[in-house]
Amino acid sequence: MAFALRFFTCLVLTVCIVASVDAAISCGTVAGSLAPCATYLSKGGLVPPSCCAGVKTLNSMAKTTPDRQQACRCIQSTAKSISGLNPSLASGLPGKCGVSIPYPISMSTNCNNIK
């Protein structure tokens, strides 16, 4: 009986771990959410409400460590496609949208270290 309980516990933990790894956010979702931010990130001015909506959506989706790490990688990848991106505007964007994230928005952020 004890063996069966341990086996069941290990099985449940394995399913939970696999489910969280598979839950990573896609880069397409990140790029789509941040698309309304492109002009602001390169030219400044007022942050469009649709940009902040995307930032807030991404923040609410990135609940697990794999999700946050994937979101970080996708943000870095998406940032490379924004012509004339201003790194200062990018790093300050979450705060401008009233969002607190547990890592800096920067091309030098090591996404593997994000928890």
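In case you wondered, yes, glycine gets a Cβ from its N, Cα and C as well.
Packing around Cys27 (disulfide bond) is summarised by its Cβ count: 16 other Cβ atoms lie within 10 angstroms of its Cβ, all protein chains included. Secondary structure at Cys27 (disulfide bond), taken from DSSP and collapsed to helix, strand or coil, is helix. The annotation disulfide bond is assigned in Swiss-Prot to Cys27-Cys74 (among others) on the grounds of sequence analysis.
As annotated by Swiss-Prot, disulfide bond applies to Cys37-Cys51 (among others), with the evidence given as sequence analysis. Under 8 Å, Cβ to Cβ, and six or more positions away along its own chain, Cys51 (disulfide bond) finds Leu34, Pro36, Cys37, Tyr40, Leu93, Cys97.
In the shown protein chains, 17 other C-beta atoms lie within 10 A of the C-beta of Cys97 (disulfide bond). Look at Swiss-Prot and you will find Cys52-Cys97 (among others) tagged as disulfide bond.
Cys111 (disulfide bond) carries a helical DSSP state (H, G or I). Within its own chain, Cys111 (disulfide bond) has Gln69, Gln70, Cys72, Arg73, Gln76 as residues 6 or more apart in sequence whose C-beta sits under 8 angstroms from its own. The annotation disulfide bond is assigned in Swiss-Prot to Cys72-Cys111 (among others) on the grounds of sequence analysis.
Annotated signal peptide per Swiss-Prot: 1-23, in sequence order.
Cα-Cα distance from Cys27 (disulfide bond) to Cys52 (disulfide bond): 18 Å (rounded to the nearest whole number). Cβ-based neighbour count (10 Å, all protein chains) for Cys37 (disulfide bond) stands at 24.
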